[in-house]
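Encoded as structure tokens, the structure appears first; notes follow it.
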Amino acid sequence: MKGLTVLSLLVWLCAVYFVGIYLFVGGFLLVRLEVNRTSACGDVLQPGVEPLDFCQSRPRFRRAVILIIDALKIDFARFDRSNTAPRPYENKLPVLEEAVSSRPSQSRLYPFRADPPTTTMQRIKGFTTGSLPTFVDVGNNFASSAILEDNLIHQLGQMGKRVVFMGDDTWENLFPKKFYRSLPFPSFNVKDLHTVDNGILQHLYSTMVGDDWDVLVAHFLGVDHCGHRFGPDHPAMSDKLTQMDGVIRAVIDRLQNDTLLVVMGDHGMTDTGDHGGESQKETDAALFLYSPSAIFPGPPSQDEPDVVPQTDLVPTLALLLGIPIPFSSVGQVLLPLFAPHQQTEAADGRLSQLEALWINTKQVNRFLETYSGLAKDIDPQSLSELKAQFARLSSEYLSALREGRAPSQRLASSMQDYLTAVRDTCRATWARFNPAKMAGGLAVLTFACVACLVTSELSVVLTEEKRAALKAPATVAIAVGVGVAAAQLLTRGYAEAAWSLAAGAISSEVIFLWRAWRLKRSAVLKNGAKASKLSRWLIPRRLLLPWLAVALLRCASLLSDSYVIHEGRVVTFLLLSLALCVPIHLNWNGHLLPPTPDPLKSAGLLPSPTLTPAAIRKESGTLLGCLGLLVLCSYLSLWFHGCREEQGLCQPSPFLSPLSRLQDNQLKNIYYILSVASLAVCAYLLRLCLCHYGNLNSSGGSAFAARWILPLLCVCTGLHWAVGATAEDAFRQLAELIRTAQLALPRAAFCLLGAALSLVWADPLTVFMKTRNAASSRSSALPPPRYRASTGISPQAELHHLIPQIYQRMRRSLEDGELSGGGEDDNRPAVEAYGLGTVYSAPLLLFCGLLGVGLLLLHPEGMSLAFLLLLLEMGALLHIHASSTTLSGSPGANPGAFNVPWTPVVLWSLAASQFFHATGHLPTFPSIQWGAAFVGFPDGHVGTVLPASLVTLNTFASHILFAVGCPLLLFWPLVREVRGSRGGRGYGEEGEDAVMEMRLRENPHQFSAALLQLATRYLFILGAQTFSSVCAAAILRRHLMVWKVFAPKLMFEASGFLVSSTFLLIGVTLVIRVDVAVGRWFKRLIPSVSR
């Protein structure tokens, strides 16, 4: 087998796909240009009638206390006296309603609307800089880098104000060395509800009574973590909110008259406790403002805003504390906090509403002029309209000041309209694209798809080449990439890696396609073939083939937002539709039922059937039974789907919630028993399959992993679930033991998993070999073969899995040596082998099973049922493919071919997408199961690589399992080979038993070509889906739903492709590793027979 040739081609194809994705994403998800300039006291107001130093004026407040309660949605803050049966998150903050109703001139409660993405880092950035986030910023949420833009923390420090921070350590990463004093606490462990909050409370009140601070920032995390762990509708949420109510009361009691209290949430949460998207439940937080002295003219009026955007807090706090507004802020001051223009004289030290608006307008206009001069990406017409609008406002305001008359109220409304228009323009502009990179990425992906298809169709020709036709493409790619980099250095002074990679990728693809065409042409001339296989793709009626129609429909439908929203159910429909076409096609061709003999024709003139009628009926029954199992599993898998915001009345599956969230102990016990039973059934079915084909008799590492490590791994997983489901206050005396178990059990499972996978890789053979003395072998002239392929079943079933041909050769070689070698060879053994018929599929199946248990460990306990359905559906697809291959009889007509048709490959890819949704995942950021990062690490992580890897493995578990198991499609028709189904010629004598996977060893070139073809076909289907998602994002980049639907879908599709292709390479490499081990086994057994 030419393993290196196969692997090198696959690595190259994956590499060019990666380059295309990287280039397109680099042009589609650009971060906006940051203006690295800061505001100063002298430039807050440009010279009007007289120059003013803004910082010299007396600020409205000398101090400020900012309490950030993470995920404090507005629903948590409201109080309804008529609600006599409140839910756990309702009516738990009465202090806010009491203050607003009893002291209306001192307090206000507003909905506080965040800009998506609603992740903590982006929200902190938003309400400290006043700028708008970009979509790609979501990727930095757990790898926070320092904020370089002008911000409130920087301005407070520049003014000499002492900022004391305590709480979420994200602030320390965003503002390094910016605080007068800092008390950060680890924030990433969402299961920890109390460490951060209790740490704050140990220092909050003592700090407030001191005099060594001007601004106190405290960021509580308990409410957010409670939502992630239990959801909002849980008693733990009630306890947390009640605790926050007490904190707010205590802080109010310690406030002085010159101090402003700001209580705010950075974002909201969904009904399941998640956030990150742009639904109203996620964006609408609470904002509570309070001061012991009057700051509002009276009770709320009709002119006050219904909702306060988060960016508006930045200019408001800046002007109230007497510091310049950060340079890049596009927020608008909250007018109720400033006195009407007529009351300015009476309000000592207070800016009037018009003065605050004018300062705000001048600052925003300055940013707009600076940014437009640097970025050049704002629409010129919109920019000119905004400039003209500001010129009118400036002229009217300055004229009023020169003439000594009060500006009109209409001017204030015009300023507000201007500020709103600037913000809307910036929001529309900062969906900034690089068309050149997007076009380059599309070109690379297009050529990659064509190259993948060509490799699939010409796999036989390409595997005949010594270097897989890659020497010239690789050389040209390196030369072109270096040349482009050098040209960039000469012309620009720097080299951008993306363009060098793109040039190298496209040049290598073009050279490869040219080389493939020449190889195919020479092969056609040499072999006298009539036409190339590629020419069949040009026939229009091929578009009517079911697999191609389904694949094209799926790819084209990615342009529809409705399809993406309901993708889980639609993929299930496509899967079942294509699966139903398999028996219909067989029946159409007369293969599903035994042929009816024609009495009018002579039996001697009829060709003998490949299969007996009994065998045909058995295979047809197997196919239809597995089809029924596939339908059942597909419909049951719909019970495990999550819900998107756009799906309206959809209710998420109860199995998506961890057992710790359940309050009913009886229901919790039922769910736990179902989960453990499902895990046990998965392990039992895997061991049963390996035992059935005799693969557990070996004393090697793989058999040891299957016999011992797999059960231990399942036990650790079950115990981990039991410990995780235990309520925190259930066994207080055992709290330390439970905490130790939460740490030790999953880590022990990870160690067992690593050991098992390493054993499978290091010693993949599951063959058990027995020897017998030569004397017994000569007791008859030609003893019957005793080379068993399986154990643990009846003798009749054993005979069904004999592998005689190779062993007959081995036996005859041994006997010939005995007869000619004299007495010195009298003790030479004959061979009896078990498990060699499934030597390739067994380690691959075991590898997938072990990996599946490890991935299940990263999911909620209820997903054990979904993983059982995944295993059953995978087996059903393999059996449908094997029965279809046997019934169609095409391999019998061409014994050297082991090609896997397109239909099972498309079914396999659809099943991977189906179980992405059936394991509770969605192509949305709120659906990411962040809890996977803390399995085995309840105290959090030092870095971000490990938690990101765990979350990735959790999210793309189905992609991983189906990618690693993809080569099973090649092996399973051989594993289930029916006796006599492949004809006798070329494989031994008539009447011999099924050879199973040993056919691959007898045809190494066809083996290599078939493995390459299967892998490239699967890679092509995945690449086509990714290419379609890329096209959808490019075409619909100005669509209303682009950032809500198409951009997240692109990110998940591209990430899924990267993960799938990586694990596909792992699966193919494992097959090659097994083939090398089999070759060594034969060399040790009979050196003269081995290759």
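From the backbone N, Cα and C atoms, a Cβ is placed for every residue, glycine too.
According to TrEMBL, the feature transmembrane segment maps to 6-31, 442-462, 468-490, 570-588, 621-640, 670-693, 705-723, 744-762, 839-858, 956-975, 1018-1036, 1056-1076 (among others).
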Practice task
With pairs restricted to those 6 or more apart in sequence, evaluate whether the transmembrane segment (956-975) and the transmembrane segment (1056-1076) have 3+ C-beta pairs under 8 Å.
Solution key: yes
Fill in the blank from the handout: Contact set of the transmembrane segment (442-462) with the rest of its chain, CB cutoff 8 A exclusive, min separation 6+ beyond the ends, reads 5, 9, 13, 16-17, 19-21, 23-24, 468-469, 502, 505-506, 509-510, 512-513, 516, 519-520, 523, 532-534, 537, 1005-1006, 1009-1010, 1012-1013, 1016-1017, 1019-1020, 1023-1024, 1026-1027, 1030-1031, 1034
Exercise for the section: Determine which residues of the chain contact the transmembrane segment (670-693) at the Cβ level, with the cut-off under 8 Å and only residues 6 or more beyond its ends counted. Expected result: 655, 659, 662, 706-707, 710-711, 714, 717-718, 721-722, 725, 766, 789-793, 801, 835, 837-838, 842, 845-846, 849, 852-853, 856, 861-862, 864-865, 867-868, 871, 875, 975
Handout entry: Contact between the transmembrane segment (1056-1076) and the transmembrane segment (621-640) (3 or more Cβ pairs under 8 Å, separation 6+)
Key = no
Exercise for the section: Quickly jot the same-chain residues contacting the transmembrane segment (468-490) by Cβ under 8 Å, restricted to those at least six beyond its ends, or write none. Expected result: 5-6, 8-9, 12, 462, 496-497, 499-501, 503-505, 507-509, 511-512, 515-516, 519
